[in-house]
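The [4Fe-4S] cluster 1 binding site annotation in Swiss-Prot covers C153, C156, C159, C195. Among the features that Swiss-Prot reports, [4Fe-4S] cluster 2 binding site is placed at C165, C185, C188, C191, with the record citing similarity to another entry. Swiss-Prot lists 144-175 with the feature domain '4Fe-4S ferredoxin-type 1'. The annotation domain '4Fe-4S ferredoxin-type 2' is assigned in Swiss-Prot to 176-205 on the grounds of sequence analysis.
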Amino acid sequence: MSFQRIAWGITGAGHFLDRSYQVFKELKLRNPELSVNTYVSRAAEEVLRMYGLEQKLVKISGGDYLEEIFRESEQGSSSPKVGRFALDRYDALFVTPATSNTVSKIAYGIADSLVTNAVSQAVKGRVPVFVVPVDIEGSIISEMPYNIDRKQCKHCETCPPRENCPHEAISEKNGVTDQIDLLKCKGCGICKELCPYNAIKGGPVEVLVRDVDMRNVEIVKSLQGITVLESPEAILELF
């Protein structure tokens, strides 16, 4: 396939998020002329910050025409920019990672968010859509954002991670460190490096895929104009 102008839809999943970013980074390295227009759901705006990827998106979408970053919080309820899919502006739309919520909406034709609107308009505009669901079958190993392991935490009155967090994302309660506010966290990792007891962690957790999510993936597989891929890396095989 020959794709030169593509759109990337990101939804609010931590699983597959960094791998998706690495795939698009690789595509840009292979072909600097490739234009990538990024559509970010409201939940993805938060999750990108948690995983330290928010500022890195400019390496994929630098800001020129068809290389903008469209955030749902800035696009309003009507998502006017998705009209580009009807105007022959894109060769393909890739949605990765796609949460179970997004997949269920696609399965039943609901288009009430920036990314699901993009999918709907892409299909109507005969633009090929490729979806990478995070919940396909069985169980998955998902990467979690930074959190405090309370078994390891010593509840120090003087807490280097809390005192040095540049985003003031670590709260205290009754004079000791309490928890990380993930809506403030930028995923920089400074806190993890500063904790002398290795109490701040982020890493793999096994998560069960629900039956309903697997059924919705099967429905999406049968839909006109949409192809389901099992991993972000499968996108590389299309170029």
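Quick reminder: no glycine exception, Cβ is built from N, Cα and C everywhere.
Owing to the predicted nature of the structure, the values given are computational and were not obtained by experimental measurement.
Between C185 ([4Fe-4S] cluster 2 binding site) and C156 ([4Fe-4S] cluster 1 binding site), the C-alpha separation comes to 20 Å.
Excluding the listed site residues C153, C156, C159, C195, the same chain places I148, K154, H155, P160, P161, R162, T177, P196, Y197, A199, I200 with Cβ atoms within 8 Å of the centre of the [4Fe-4S] cluster 1 site Cβ atoms. Remote same-chain residues near the domain '4Fe-4S ferredoxin-type 1' (144-175) are listed as 14, 47, 50-51, 181-182, 184-192, 194-205 (criterion: CB distance under 8 Å, separation of at least six residues from the stretch ends).
Neighbour counts were taken as the number of other C-beta atoms within 10 angstroms of each residue's C-beta; across the binding-site residues C156, C159, C165, C195, the minimum falls on C156.
Neighbouring residues of the recorded [4Fe-4S] cluster 2 site, listed in sequence order and excluding C165, C185, C188, C191, comprise Y146, P161, P166, H167, A169, I170, I180, K186, G187, G189, I190 (Cβ within 8 Å of the Cβ centroid).
In this view, C188 ([4Fe-4S] cluster 2 binding site) is surrounded by 16 other Cβ atoms within 10 Å of its Cβ, with every protein chain counted. C159 ([4Fe-4S] cluster 1 binding site) sits 10 Å from C191 ([4Fe-4S] cluster 2 binding site), taking the C-alpha atoms as the reference points.
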